[in-house]
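What TrEMBL records for B:24-45, B:139-156, B:202-220, B:226-246, B:267-287, B:299-320, B:327-347, B:396-415, B:435-459, B:480-503, B:523-548, B:628-650 (among others) is transmembrane segment. Look at TrEMBL and you will find B:90-140 tagged as domain 'NADH-Ubiquinone oxidoreductase (complex I) chain 5 N-terminal'. Annotated domain 'NADH:quinone oxidoreductase/Mrp antiporter transmembrane' per TrEMBL: B:157-440, in sequence order.
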Amino acid sequence: MSNFPFLSVLTVAPLVGALVVALLPRRRPELAKQVAFVWSLLVLVLSVLMWITFKVGGDRFQFRESYPWIPNWGVHFTFAADGIALVMLMLIAVLVPLVILASWHDAESSKRSVPIYFALLLVLECTMIGVFAAADVFLFYVFFEVMLVPMYFLIGSYGGHQRQYAAVKFFLYSLVGGLFMLAAVIGLWVVGGKTFDWQALSQVDISTGTERWLFLGFFVAFAIKAPFFPFHTWLPDAGGAAPAGAAALLVGVLDKVGTFGILRYCLPLFPDAAKWFAPWALALALIGIIYAALLAVGQNDLKRLVSYTSIAHFGFIGVGIFAFTTQAGTGAVLYMVNHGLATGLLFLVVGMLIARRGSALISDFGGAGKLVPVLAGVLFFAGLASLALPGTAPFISEFLVLIGAFTVNKPVAVIATLGIILAAAYVLWMVQRTTQGTLNPALTEVDGMRRDLNLREKVVVAPLIALIVLLGFYPKPVTDVINPAVQATMDDIGRTDPAPSVGTVQEASK
Amino acid sequence: MGEILTNAPAEPAGAVTYATADGLLGSVWLLVAIPLVSAAILLLLGRRADRWGHWLGVAAIGASFVLGLASFFQLRGLENKSVELSLWDFIAVGGLRVDFGLLFDPLSAVFVLLITGVGFLIHLYAVEYMAHDAGRRRFFGYFNLFVAAMLLLVLGNNYVMLYVGWEGVGLASYLLISFWYERPSAATAGKKAFLMNRVGDAGLAIAIFIMFATLGTTQYDEVFSGVGALAGGTVLVLGLLLLLGATGKSGQFPLQAWLPDAMEGPTPVSALIHAATMVTAGVYLIARSNPIFSANTTLQLVVVSVGALTLLIGCIIGAAKDDIKRVLAWSTVSQIGYMFLGVGLGGGAYALAIVHLLAHGFFKANMFLGAGSVMHGMKDQVDIRRFGGLSKHMKITWITFMMGWLAIIGMFPFSGYFSKEPIIAAAFAREDWTAWLFGGAALLGAGLTAFYMTRLFVLTFHGPARWTEDIDHPHESPKLMTIPLILLAIGSVGAGFLLSTSVPDWLTATAGLGGEHGEHESVLPHALITTLSLLVTVLGAGLAWFLFRNGTATAPQPAGVVVTAARRNLYTDAFNEAVFEKPGIFLTRALVYLDNRGIDGLVNGLAAGVGGGSGRLRRLQTGFVRSYATSILTGALLVVAAFLAVQAGWLA
């Protein structure tokens with residue numbers, strides 16, 4: 001089983017599915033939805049098989065495949081997954097079927113073709129899997145850019161208010177970042193001996209100045225994608241305008257390419273530059289945590305609010321990455337997964353609320369818990385996961401990031417910890433203004449607000465809730481996969497965890 | 001890890017070791033699991049469980065109580081009275097290993113009995129109290145969730161588990177305060193409680209980070225064994241952060257403002273969570289962490305000061321309030337102040353604080369449920385100026401409340417006398433002039449407590465009736481409510497004596513809580529302190545009885561500076577509003593503006609600039625092949641130059 005070309009098949013499969021769905025007649029939207037859903041389930045099954053086949057504690061990169069593509073330039077279709085990529089692939093495979101199910105009626109309100117919408121979701125899945133599975137820098141770059149295309153159409157064609165503006169802004173912003181990366185990729189090819197192979201490049205010695213320029217080229221692209229302060233302003237627009245399902249994938253997965261890229265490319269390929277830039281990156285991350293949380297408090301649009309909370313969460317991931325300890329690094333990767341689950345859930349639930357009300361403005365709600373108690377309960381649960389309450393998965397990752405960062409940089413960890421107070425503020429205030437308090441009389445006149453969660457919606461939220469609780473109490477299956485990969489990354493940059501400043505006697509016995 | 005350990009100091013004195021739990025004690029996890037599963041059933045089944053849900057809730061707590069009792073007796077027979085149960089690896093990354101494990105020892109055992117025992121009675125009471133509320137099943141779901149989280153808090157064998165329970169009870173508290181979420185005041189009060197608690201929680205979290213950074217562990221036994229090796233400054237910071245967490249959860253200064261607002265929740269919630277159990281978690285935290293607190297005298301002084309200050313704040317504000325539940329809430333703040341005073345004094349006073357905590361659990365729950373019974377009969381009236389003469393109409397409530405009242409003011413031979421007076425005596429036993437300061441504060445507090453609690457009791461049950469017009473005949477509550485009242489009243493009478501004679505010995509088996517009774521000579525003879533505290537109690541109570549025996553005005557009266565300040569919670573809310581809330585809102589608005597106009601403005605400005613530039617560039621598209629060729633050549637040269645630059649290392 002371990003010889004099965006999991007990664008290439010996983011990348012291609014959704015694309016084939018997308019073609020099938022796109023070719024279905026426009027008059028048969030139901031069929032298109034069903035095919036897309038089943039197809040994404042098959043991808044999920046395959047991913048689960050891959051997860052089982054992955055040997056924890058085995059090679060750092062597994063499932064390696066390589067096929068020549070442009071021999072003159074040394075470009076290959078090379079796929080390989082370490083633990084970090086594996087958990088992200090798993091996250092994609094879990095989220096896409098749920099997003100498809102959640103988006104069942106989303107495309108109907110637009111004048112565009114329903115099958116194309118679901119085909120675009122599958123194309124997006126293909127590019128997302130590709131970008132995490134790629135082990136060739138050029139291939140990674142190609143997926144990194146191509147990924148923009150399905151998302152551009154999802155936002156621009158099927159989005160809400162100001163969708164054109166948001167889509168163009170998203171596209172251009174990411175493209176500009178991508179160009180920086182392209183320059184750095186070419187530079188890397190030149191200094192790295194004309195190869196794009198990640199493993200070969202990670203062995204190359206680069207002079208200090210060049211290394212810093214190349215680091216910056218990659219970092220700017222990833223900081224825009226993640227996004228880190230001050231490159232974040234495209235996300236609230238894009239997240240606010242995108243259909244809820246696409247928005248869940250946008251912040252749940254797409255943005256993680258930024259933090260994943262930093263871990264996979266910036267740190268191992270340019271270790272000295274990474275250490276040199278680390279204080280700056282930590283500063284940006286910290287600003288992001290506090291600044292975006294305060295902005296989230298002040299939002300009156302549910303989807304924009306969730307987008308800002310994500311920027312704050314990306315700050316935590318940034319702190320975890322640039323603290324350079326095992327706990328913080330593992331916490332950062334786990335954060336990427338947990339944030340995908342928690343914010344994915346939050347976006348989907350918010351989407352259900354908005355679809356009912358026909359408005360995303362918080363001020364158009366008020367006391368909604370009276371009308372849709374189950375939906376309000378799920379919204380509250382997603383909020384709790386978002387504020388990293390113990391018992392939900394995000395607590396583990398936030399705790400790991402903070403405790404790991406604290407061992408090497410106390411001020412950073414302490415300031416970041418203030419973020420947990422602000423997180424409570426933006427979540428609880430949002431919950432209060434939408435579901436609690438006196439019932440807004442306007443709500444009772446909206447038909448949608450009289451319908452609580454239906455079966456389809458329950459099927460969407462239940463697996464996410466279950467995963468969030470399960471990983472909140474027993475994160476070991478995931479951390480065990482992530483840990484060796486993070487350890488290897490720490491080795492790449494030559495950092496080890498500091499020993500406890502006062503060793504206890506008990507440690508000797510353990 | 002060998003290199004680290006060679007630098008480590010020699011084995012610190014008093015290493016802490018726990019035995020492994022087996023037999024019946026191997027199932028202490030059920031204590032947490034039973035209420036948790038029950039909560040999950042009640043919340044997930046929804047309306048389907050409406051008919052029987054409350055009984056499931058009661059049964060779950062009853063089962064936990066029985067199991068807790070059996071485990072308690074099992075523990076009594078053991079040599080090493082601290083048993084650990086490791087369930088699974090909670091977090092294991094690099095050098096960090098957090099056990100999902102439980103610790104059942106004398107300290108956690110008494111908490112388990114308090115939480116499940118008093119909790120059971122309050123659950124029983126709530127069946128009737130919430131009978132007419134459409135959300136009763138949801139209420140019991142949250143209530144069971146609270147018990148599960150609280151048990152996890154006191155049963156965890158490391159600080160991360162404690163933190164999980166800690167935030168868990170915070171969640172349950174939030175859900176129950178804002179139980180009637182359609183009331184804006186309830187929703188706001190819940191949010192306020194959660195936020196102020198999170199401030200404390202952040203302190204607790206950082207304390208945990210310090211433990212890991214310095215000792216490499218968060219397990220109780222390893223932390224306590226290693227604390228002797230820490231520098232004094234580290235212990236101080238660590239302890240202050242733990243204290244910050246404790247003040248948040250226990251409604252102590254400076255994080256006390258949320259607790260009175262928490263009375264927006266249904267009365268059984270106030271009794272169980274905001275009087276008997278959750279708010280005492282801070283005391284538990286300090287008692288559990290006693291090896292840390294005992295290691296630094298400055299730290300102990302801070303804890304004592306917080307306790308003394310808060311107990312007086314509570315008394316002063318409590319004396320000025322007219323809402324029966326708020327008076328009780330401020331009295332809780334004040335009584336927990338006594339407990340903080342006790343744990344801050346250290347040594348033998350740790351056990352005294354725990355005794356007072358347990359005794360308080362009984363008499364305060366008793367009075368809160370009594371207040372609920374009064375409200376039940378008076379159409380949810382809470383203003384004591386609108387009560388009066390209820391002793392004739394609600395005999396059982398009256399008598400049981402009287403027991404609670406006599407207990408809290410510390411009248412001999414009621415429970416508070418045996419639990420509070422020793423703390424006052426211990427405060428007088430400090431070694432320097434602070435004995436007078438803290439002993440005096442505790443004594444003054446006793447007098448004030450007697451005053452305002454008597455005011456509450458007299459205005460409610462005696463004097464002329466001052467009821468609103470819509471009430472013609474207040475009725476006694478049904479049996480399901482009065483039986484818990486009677487049982488708790490018996491506890492209010494007898495618990496103090498029984499606990500004070502047994503609990504200190506029992507607790508000696510918990511790490512650091514026993515043995516060290518090496519107290520200083522008291523600055524006053526013990527008999528004199530006892531006499532004085534009884535004297536101020538009688539004076540305070542007598543004064544209140546004299547002033548309020550004929551009732552009081554039903555409308556707000558003009559008042560002097562002190563009373564006005566007390567009515568406004570000594571301006572602490574105004575302070576929070578002016579210093580945190582208003583600037584916070586302003587900052588948020590300013591940032592939203594800045595982000596839209598400033599940062600995003602820059603981005604869009606850049607885009608507009610590029611757009612305008614492109615417009616001009618467009619004119620270069622002349623259609624002449626020769627000019628294109630020139631551009632292509634220029635571009636190619638630039639690319640070649642760039643490649644050469646990189647290869648020659650010019651950029652380096």
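Keep in mind that glycine also has a Cβ here, set from the backbone N, Cα and C atoms.
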Beyond the flanks of the transmembrane segment (B:267-287) by 6 or more, those residues with Cβ under 8 Å of it: 107, 111, 114-115, 118-119, 122-123, 125-126, 129-130, 143, 146, 150, 153-154, 162, 166, 169, 172-173, 176-177, 179, 204, 242-243, 245-252, 259, 293, 303, 325, 328-329, 332, 336, 339-340, 343-344, 350, 353-354, 357, 360-362, 364-365, 368-369, 371-372, 375, 513
Residues of the parent chain within Cβ reach of the transmembrane segment (B:435-459), under 8 Å, 6 or more residues beyond its termini: 304, 308-309, 311-312, 315-316, 318-319, 324, 327-328, 331, 334-335, 337-338, 341, 384-385, 387-388, 401-402, 405, 408-410, 420, 423-424, 427-429, 522-524, 529, 532-533, 536-541, 543-545, 547-549, 551-552
Long-range neighbours of the transmembrane segment (B:396-415), counting only residues six or more past its ends (CB under 8 A): 331, 335, 359-360, 362-364, 366-367, 370-371, 373-374, 377, 390, 421, 446, 449-450, 453-454, 456-457, 460-461, 476-477, 482, 485-486, 488-497, 499, 533-534, 537, 540-541
Counts by DSSP class (helix H/G/I, strand E/B, coil) across the domain 'NADH-Ubiquinone oxidoreductase (complex I) chain 5 N-terminal' (B:90-140): 29 helix, 13 strand, 9 coil
